[in-house]
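Student: Before I ask anything, here is the structure I am working with.
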Amino acid sequence: MSKVSGSNGGDSKNTLYCSFCGKSQHEVRKLIAGPTVFICDECVELCMDIIREENKTSMVKSRDGVPTPQEIIKVLDEYVIGQQQAKRILSVAVHNHYKRLAHAAKSSDVELAKSNIMLVGPTGCGKTYLAQTLARIIDVPFTMADATTLTEAGYVGEDVENIILKLLQAADYNVERAQRGIVYIDEVDKISRKSDNPSITRDVSGEGVQQALLKIMEGTVASVPPQGGRKHPQQEFLQVDTTNILFICGGAFAGLDKIISARGEKTSIGFGATVRAPEDRRVGEVLRELEPEDLVKFGLIPEFIGRLPVLATLEDLDEDALIQILSEPKNALVKQYQRLFEMEDVELNFHEDALREIARRAIVRKTGARGLRSIMEKILLDTMFELPTLEGVREVVISDEVVKGTARPLYIYSERSEEKTNVSA
């Protein structure tokens, strides 16, 4: 196959066109010639996107027709940087969950219990994003709930049954599909018990919510009002069995590392006591030693922890990981902004030092990967404001000085606009 480069000149009689989209060689970067047809670089890219999507949906299945853990983790790797242990735990847990459902469909005297998952990690390390990515690659209904909005039944706020309603809506009110879905409950650390004394006052948004979640996580038939909201006696309810719904809970658990560290220290007093240096390990390293008893001390009730037998801890992201997150995944932030600039026919490029400075600033803010977008927005705000009204800008280059605020982005103009400027001068 031969390549034909796009150019601005040329005889119209000899102009070649893409056989798929009909664009001429002057409208595209490359035109690839076959024996009797031509295809442009844009159509090649579109075809590759279609193939990638099909590969994602037609994952390799195990004997039970369930996606294999290797296949699940392979797709997770395309979107989520690092967190290999957490990805491994998640992929095995999801694989086993759907194997269990396939097993339950057959008559057997051995009943396989459900293994719900708890994700623990610092803010911005990828807990929510892992769950969202899982939802995209597994063909089951999925919903996310915020634990901070939940209250006990009868109080102002959302009932726990509303979570099942959201799952039912995600399944287009197909009860059978909803009963095989996945529910992710975020910010679960915010419903920890407010006091070590369980009888102090009624804790309707803390321990009360944990108690309310117990039955739906273990398995019960929930009565769900089809149009949402509070229940009315005249309403007809949909009955949803939650036995086969996989629950994943996630939270940052700020301060949990101190509880774990305190458990590991055997303090002594007197002249023979060992003088310990202050804890200099990263939060993610400390969380690896997490035990269920630490979560009880944090404020979760033992019954709630017992419904979440699979514990996965996530690492806090270092500078190198944040740089990878900025540039490597399929929907990396740099790629997103480059696509935005492409819509203005402008190429956006970042120096390696600029990405490193952005990562450093995110670490200082202690917001993890979540803080990267706000830093990028601040850096590119003036450029995005000016660009639509500027003529002839071909490329914008961001250096570390731009990130630090000591310089402006470098604008590179096309030769044509420079010629026009010289003529007008």
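Placement of Cβ uses the backbone N, Cα and C atoms for every residue, glycine included.
Pulled these from Swiss-Prot:
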type    : residues                                                       : note
DOMAIN  : 6-59                                                           : domain 'ClpX-type ZB'
BINDING : Cys18, Cys21, Cys40, Cys43                                     : Zn(2+) binding site
BINDING : Pro122, Thr123, Gly124, Cys125, Gly126, Lys127, Thr128, Tyr129 : ATP binding site
Student: Give me the mean pLDDT over the domain 'ClpX-type ZB' (6-59), rounded to a whole number.
Tutor: 77
Student: Does Lys127 (ATP binding site) have same-chain partners at least 6 apart in sequence with Cβ under 8 Å from its own Cβ, and which are they?
Tutor: Leu119, Gly121, Asp186, Gly250, Gly251, Ala252, Leu314
Student: Is it possible to get the count of other C-beta atoms within 10 angstroms of the C-beta of Cys125 (ATP binding site)?
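Tutor: For Cys125 (ATP binding site), the 10 Å Cβ neighbour count is 27.
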Student: Comparing the binding-site residues Pro122, Gly124, Gly126, which residue's C-beta has the most other C-beta atoms within 10 angstroms in this structure?
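Tutor: That would be Gly126, with the highest Cβ count within 10 Å.
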Student: Express the distance between the Cα positions of Cys18 (Zn(2+) binding site) and Thr128 (ATP binding site) as a whole number of Å.
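Tutor: Given the Cα positions, Cys18 (Zn(2+) binding site) is 42 Å from Thr128 (ATP binding site).
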Student: Helix, strand or coil for Gly126 (ATP binding site)? Use DSSP.
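Tutor: In the DSSP reduction, Gly126 (ATP binding site) maps to coil.
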Student: Where does Cys43 (Zn(2+) binding site) sit by DSSP, helix, strand or coil?
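Tutor: Looking at the DSSP assignment, Cys43 (Zn(2+) binding site) belongs to a helix.
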Student: Whose Cβ, among the binding-site residues Cys18, Cys21, Cys40, Cys43, has more other Cβ atoms within 10 Å than any of the rest?
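Tutor: Per the Cβ count within 10 Å, the most buried is Cys40.
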